[in-house]
Amino acid sequence: MQSLTRLLANCTLTLHPQQQRVVAAALQQQQLRTKTKYVEKPKPGAGQQFRRIVHFPEEYTVQPLKITHLAGRDPVTGRMVAKGIGGGIKQQYRWIKWVRDGPSEEGATQEERVVELLRDGCRTAKVALVAVGDELKYILATENMREGDILKTSRFIPRIPVRPNEGDAYPLGALPAGTRIHCLEKNPGQPCHLIHAAGTFGTILRKFDDKVVVQLPSKREFAFDRTCMATVGRLSNIEHNKEHVGSAQRMREMGNRPRSGLWKRKEGKHGRKVRRLPPMTTIAPPAAPKEQEIRLTLNL
Amino acid sequence: MRLTNKLYAQHIGWHFKKHWQVQGRRVPKDTGAAAELLKMGVQVKTSEDVLNPKTEPKLVEIVGASLKPIPEDETHPNWHSTACHLFGDSNVLLGGLPQAQVLTNSIEINEFPRQIDEAIFNSQLPKTLDRSVQNAIFSSQLLDAQQVKLPKIKLADRPAYNLPRLYGISQERRNRLLINKLLFEIEKLAGRSVTVRRKLIDNVTFQTSLIKDNDVLVFKISGDKLISSARPLDAIKGKFNGDLPDLYPMKSTVSMPKQHIYTENTFYPIRKDITCSHPHTLFTYFDKTIVGNVHGSEVSKTQFYGRSLLKAFVVAASRAKQLGDVPANGVLQKPIVVQCIQTDGQEFHFGVLQLNTLNLNTDSATKNYWFHRPSVELFSECSYQTGRLYLGGYNSEAFRILNAFYNNF
């Protein structure tokens, strides 16, 4: 055994120049494996969705739009961000016109007719096709909306609150306390509308100064500006939260992958917590746009 | 054995890299230096402009085999600053028949003209005819040798289910064969004295443009079969009154796509100096895979009826413009009467339009007349049952009306 060790120690490995090059290349590749590319991924839950991209055209249209499934990947980097998304039936997207614009003079209202109520595969509430003049648009349908209904829209805030019908859109200040609302503008002119899900609604509780307090579906109270537009009524498809998925296959049809199994309803950080609701919050004005930053390209 | 290098977390280089990921992003603060330099008359450039000056790629005109497509923007030769509302073959009006009535300034009369009614009532068809019509249905719906891939069928309640793809006779061919065979039967009955005064043309196009309440309307349709006659159809006798439906808050142009690129010329497929150039009856097919709403919904019954009216209107309007005797107020000296038949191979909708005026404005006192009845089903089911041909719910009414329409003059 000893002689064998000695023999191997004295043995020198002789390689041809060509073989040497191959070994050098292999070593270099091994070195490169440690030099990783730093990829910045967005965090899930920050308002961006990783389920699908909708191919919006430049102009508003009521044509059903084509979508591309993302399966939980960030479209910029292509890296996985959200788990449990993938597959599902390809649906068509109907572009909702969130802003309900109307005249701001006293007594003047814009009247629109509900033409058709439709099911949209990309959202839970039903969608209503609405016609006014030679324009067509989609809005979210309310619980009792029917084809042929006339909807009113106005931006004027009268001294005495209006008596609204379902589907009408008014500023918060024009609506009486206790009204159920949805599609609520977060800040005047901000393209962010709250309360979209099937069967949900917000309730106008009280008014103070130029603010109106609304209880959102989460039961939390927020004070909005009185000029924020809101649509009256509860959203359609009220049985949605009582519907059972029914089968694992149905879950896959909806585009959801099997769950990790790590969530425990009654244990640890997932467990039940009974806490008081936070006090009423005033909605902050929209954040100023982020300043353009420079990426310095020192190759470290 | 670990092939990759170990991570030395305490390695200073690693720390520099991590730190640089944060510090390598900076928002430049305006120090006022640029403004100061500009005041002194020094030109200020960004480093990007100096290091990577932008160079426009030189365009080389290559003469190739294919012509360059004309861009669909303001430079297009047919670009108009005011958009038109287009009615074509593949779209229907959202408001259906009421919208079509307002658009074409036509009042609806829920019966046929008296002479057609009498012709239907008095027609004495031979007893063997039903057999011939049924054979025509069989040979067009089942016995033709064409086998093409039929459109995909999706079940609304089971969207994930892929049904086996069916092969069979295409919808367009079924319609064409059925109409040809029915017309053949009618021509046999009518005899040579009538048929010499009729001519049949397949796949004809019509185009016209009109102005309604400051909106430009362009109609561009195709008729699947046109019967032209040696004599124009006589104006319908009688006085008809009625009001146009109220579409509020919709306008009559709702759901008609807007386009900036269009031509305002009129096209009628037959020259007016040809003997058989008068429009008599237009056949138009309805295929739900081609014709649909803008928003993707199924076509409703009233939209189906509205399509017949518009097709008849375009034929009559393009003929009136071709004849060229339209006065300034739009009221025609001699009304033009056109019959229209729309079918999906099973259901037949018959209508007669009398075009009195081309003035479509809301203040127009003269109205056009649209005579029609609800659509009639020629049959309800045509299939193989236990290996034999089966025809269910056959109704000879459709053939009788078709016969009366053909023989009308």
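Backbone N, Cα and C define each Cβ position, glycine as well.
Among the features that TrEMBL reports, domain 'Large ribosomal subunit protein uL2 RNA-binding' is placed at A:72-153. Taken from TrEMBL, the feature domain 'Large ribosomal subunit protein uL2 C-terminal' applies to A:164-286. According to TrEMBL, the region 'Disordered' annotation covers A:243-272. Marked as compositional bias 'Basic and acidic residues' by TrEMBL: A:243-256. The annotation compositional bias 'Basic residues' is assigned in TrEMBL to A:262-272.
Taking H, G and I as helix, E and B as strand and the rest as coil, DSSP gives the domain 'Large ribosomal subunit protein uL2 RNA-binding' (A:72-153) the counts 0 helix, 32 strand, 50 coil. Packing against the compositional bias 'Basic and acidic residues' (A:243-256) from elsewhere in the chain are residues 51, 69, 84-89: each is 6 or more residues past its ends and has a CB under 8 Å from a CB in it.
The average pLDDT for the domain 'Large ribosomal subunit protein uL2 C-terminal' (A:164-286) in the predicted structure is 95.
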